[in-house]
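Below: one structure, written as structure tokens.
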Amino acid sequence: MLGSVTDFLKPRLVDIEQLSPTHAKVTLEPLERGFGHTLGNALRRILLSSMPGCAVAEVEIDGVLHEYSSKEGVQEDILEILLNLKGIAVKLEGKDEVILSLTKSGAGPVTAGDIIHGDDVVIVNPEHVICHLTGANAEISMRLRVQRGRGYVPASARLHTDDEDRPIGRLLLDAAFSPVVRIAYNVEAARVEQRTDLDKLVIDMETNGTLDPEEAIRRAATILAEQLDAFVDLRDVSVPEKKEDKPEFDPILLRPVDDLELTVRSANCLKAEAIHYIGDLVQRTEVELLKTPNLGKKSLTEIKDVLASRGLSLGMRLENWPPASLADN
């Protein structure tokens with residue numbers, strides 16, 4: 001009797017209904033009451049957010065400087081073209097990033113099949129329309145950066161400080177790396193012998209064709225199992241506290257006096273007294289500075305005000321100044 005109360009039913013994969021190459025229904029039963037929603041919601045979230053895939057992440061279109069423009073001879077504006085580029089289903093074999101090119105002229109549609117690529121790239125939906133050329137002399141040329149990633153990554157999340165040097169005309173796209181286009185689940189009633197309070201989980205999902213739906217669910221289940229492994233054997237694992245290396249001096253003290261943007265007269269007076277760094281300056285007193293040739297009360301007031309705006313003052317004591325990095329210089 002005790003075993004029947006504490007033992008959980010183990011679900012089995014009942015059916016995989018392949019509705020199309022990109023659309024499938026997977027049925028799993030029997031599940032203990034409530035486990036249909038528990039597992040269904042977990043798998044749904046993983047399938048939407050954690051499936052790896054490839055997507056167009058950046059594009060450079062000849063004659064286009066920014067996304068809020070249009071191109072002569074092209075029916076769509078640039079924003080619509082960028083939106084269409086996000087719909088290209090692409091797979092990379094053995095690479096994490098490639099640069100592809102597309103050049104098309106003459107009236108008619110421009111499709112994903114017009115993209116020039118090697119054997120290590122597969123365009124799953126070559127019929128996907130990118131834009132339309134409206135005249136015999138119309139032409140469009142672009143370079144596409146395809147990257148491997150996971151989930152959905154907006155363009156703003158991929159901006160870095162070093163992107164200030166990015167050439168004008170390179171447009172970042174919101175990258176939808178996940179191959180899962182749609183995922184829904186339904187929990188139905190199931191029965192085993194006399195028990196009628198069980199769950200049946202039906203997962204209905206579509207992909208963009210770069211990943212088989214059955215394989216997608218298998219990967220999602222593997223990810224979920226790996227994440228739960230840590231809970232199987234809970235132990236008191238103490239994580240050593242990481243000691244942060246605090247700088248010996250405030251970084252502002254290591255900056256040159258020129259960064260204070262003093263007047264030329266004041267700056268020259270300080271340099272004449274070998275005061276090259278802000279740390280050198282804050283250790284001087286008002287009396288010492290007034291003894292500096294050509295440095296009067298007006299210059300002293302200027303220096304005090306500039307230091308105060310940065311939370312500093314004259315007459316500060318700095319132990320072990322100057323640091324070795326400045327002494328070597």
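For all residues, glycine too, the Cβ spot is worked out from N, Cα and C.
Annotation comment: Swiss-Prot describes 1-235 as region 'Alpha N-terminal domain (alpha-NTD)', evidence class sequence analysis. Summarising the annotation, Swiss-Prot assigns region 'Alpha C-terminal domain (alpha-CTD)' to 249-329 and lists sequence analysis as the type of evidence.
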The region 'Alpha C-terminal domain (alpha-CTD)' (249-329), counted residue by residue under DSSP: helix, strand, coil: 44 helix, 2 strand, 35 coil
Predicted model, mean pLDDT over the region 'Alpha N-terminal domain (alpha-NTD)' (1-235): 88
